[in-house]
Amino acid sequence: MSFPLAQTFRSPPLAWALGALALTGLVLSPLVSLAHAALQGSGELWPHLLEYVLPQAILQTAGLLAGVGLTVTLIGTGAAWLVAAYDFPGRRLLEIGLLLPLAVPTYIVAFAYLDLLHPLGPVQSGLRDALGLASPRDLRLPELRSLPGCILLLGFVLYPYVYLPTRALFLMQAANLLEAARTLGHSPRAVFARVALPMARPAVVLGASLALMEALNDIGAAEFLGVRTLTVQVYATWINRSDLPGAAQIALVMLLVVIGLVVAERWARRGRGFAGTAQRPRTLTRTHLTGSRAAAAFLLGLTPVALGFLIPAGYLAHSAAGRIARAGLPETLPAEILSTVLYAGAATLIAGMVGFLVAASPRLIAKRAGTALIRVASLGYALPGTILAIGLLGPLALADSALAAASSAVFGAAPALIGLGTGGALITAYLVRFLAVAIGTCEAGLSRVPGSLPDAARMLGRGPVATLAHVQLPLTWPALVSGGLLVFVDCVKELPATLLLRPLNVETLATHLYGEAARGTYEDGAVAALLIVLVGLIPVAILLRLGSRSQQAMR
């Protein structure tokens, strides 16, 4: 019996070495290209940026990150402790609901609230009608287009990054110590402050760092709300001023911020891992609440769910229904859906194949080399979309030039561009940025394959690649599909890289929504926004399924 895949790769070390080299070049080339682009500017450019652009952008970015970090830490940790340590009617519903803001991109929440809280919007109009006021000047709510407004909106969307790992830690690792503290007579507040919170620090720091990465990558919400962050300045400098070297120099400052966040996260978690025990994890015994205390707990937990998901999603559904009833579906919607699915789907297929092979590399080549490849291939996830977009311009232009020269030499004619200005650039950006998601899910799937099965296949004469293709791949298929869905959703939601690298005159759902918000025609973008939210519910469903399985395993 023959195995075509195995015959294709008779020499895995050589094939994997070449593939690893190509992948490493693809991931690292944006950083080299970014530095090169930044050096192309005139000597007068950097002083101008230092004096007029960077001070405000750095201050706004620092204020945004500090505020978002504090907000997500307070909401995420508090919500995790509420559902892990207390039992009350509706607790299970809250456990699920607290994940829902993950389905809504930050720019969509800003889009919804700007329309909802506009001086002529339903909230302020309703308040004026109730109070008998005629003019918008008679009643004005605090301005949402501000740094505090942006902090609150991002905080209520990004807190699940802290809630999810912190809740898992409370449930799985802290039970014995927490109950011992209760036995010694400590009050619930003292147990939380002296035992639970210090133990939760690794999870809180990890979740907060992920939330800050998302806040730094955001361009839509910050721009809609008038916050001139580094990301917004990169886009404005490149697109509005046609100054690529200046944008690259600002992007380098952003890269320093990313490195600083990674270093700070490692330092904050120094010496503290997610240590477990050899015993089967035991669920924390919850304190039962009744009456007014139970109602207060439920309302407290419901607040971030309502502000981060229910209100914006409900308003988008209402606006979309009104738009459809008044004027039907937007004429451009089918083309935008097709573009979104085409680019996100192509990136998902490539990321799934490459991610599986990278995740399997420690099993096919030296373990240390395979682990190093996984780490290098995952670096792109830490790069904001704006940095990645600028960094890919040079490598893609170089690839187009090399292909044109080779084609002219062989065929006497140069082909059309396949990188810059085409969907290839956008798909490449998606691949580099979200490959880590596919690798992570495939690693988790491969780790669940019993070691005896690959060993038995090798004893029957199958090589490493044949074993991977015919034994491990079928068993890892569910994880591969889950990873593909996550990559697809991330690609659909990605705004910065899509704005900067999409082909000319091509719109996706995300860029269409951005354009409608920029024009102030919020209702016309509601249908696209609602579709993105519905797609965003896919990873939430996957997380809920995984959480249900882990809870069943603990029983």
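Numbering starts at 1 and runs along the chain as displayed.
Placement of Cβ uses the backbone N, Cα and C atoms for every residue, glycine included.
TrEMBL annotations: computationally assigned, not manually curated.
In TrEMBL this protein carries:
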type: DOMAIN; residues: 58-263; note: domain 'ABC transmembrane type-1'
type: TRANSMEM; residues: 61-84; note: transmembrane segment
type: TRANSMEM; residues: 96-114; note: transmembrane segment
type: TRANSMEM; residues: 146-164; note: transmembrane segment
type: TRANSMEM; residues: 246-264; note: transmembrane segment
type: TRANSMEM; residues: 294-317; note: transmembrane segment
type: DOMAIN; residues: 337-543; note: domain 'ABC transmembrane type-1'
type: TRANSMEM; residues: 337-360; note: transmembrane segment
type: TRANSMEM; residues: 372-398; note: transmembrane segment
type: TRANSMEM; residues: 410-432; note: transmembrane segment
type: TRANSMEM; residues: 468-489; note: transmembrane segment
type: TRANSMEM; residues: 526-546; note: transmembrane segment
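Only pairs six or more apart in sequence are counted, and the transmembrane segment (337-360) with the transmembrane segment (372-398) gives three or more Cβ pairs under 8 Å, enough to call it a contact. The transmembrane segment (526-546) makes contact with the transmembrane segment (96-114), as judged by at least three Cβ pairs under 8 Å among residues 6 or more apart in sequence. Across 61-84, 246-264, 294-317, 372-398, 468-489, stretch 294-317 shows the highest tally of CB pairs under 8 A with the transmembrane segment (96-114).
Comparing 246-264, 294-317, 468-489 for CB pairs under 8 angstroms to the transmembrane segment (61-84), the maximum falls on 294-317. Among the recorded stretches 146-164, 294-317, 372-398, 468-489, the one sharing the largest number of Cβ pairs closer than 8 Å with the transmembrane segment (246-264) is 372-398.
Away from its own ends, the transmembrane segment (468-489) comes close to residues 3, 5-6, 344-345, 347-349, 351-352, 355-356, 360, 363-364, 430, 434, 437-438, 440-442, 444-446, 448-449, 453-454, 457, 462, 535-536, 538-539, 542 of its chain (Cβ-Cβ under 8 Å, at least six residues beyond either end).
Counting same-chain residues at least six beyond the ends of the transmembrane segment (294-317), those with a Cβ under 8 angstroms from any Cβ of the stretch are 75, 79, 82-83, 86, 88-91, 94, 97-98, 100-101, 103-104, 108-109, 112-113, 115-116, 156-157, 159, 526, 529-530, 533.
For the transmembrane segment (146-164), the list of distant contacts is 60, 63-64, 67-68, 71-73, 75-77, 79-80, 98-99, 101-102, 104-106, 109-110, 113, 203-204, 207-208, 210-211, 214-215, 218, 221-222, 225-227, 304, 307-308, 543: same-chain residues at least six beyond its ends, Cβ to Cβ under 8 Å.
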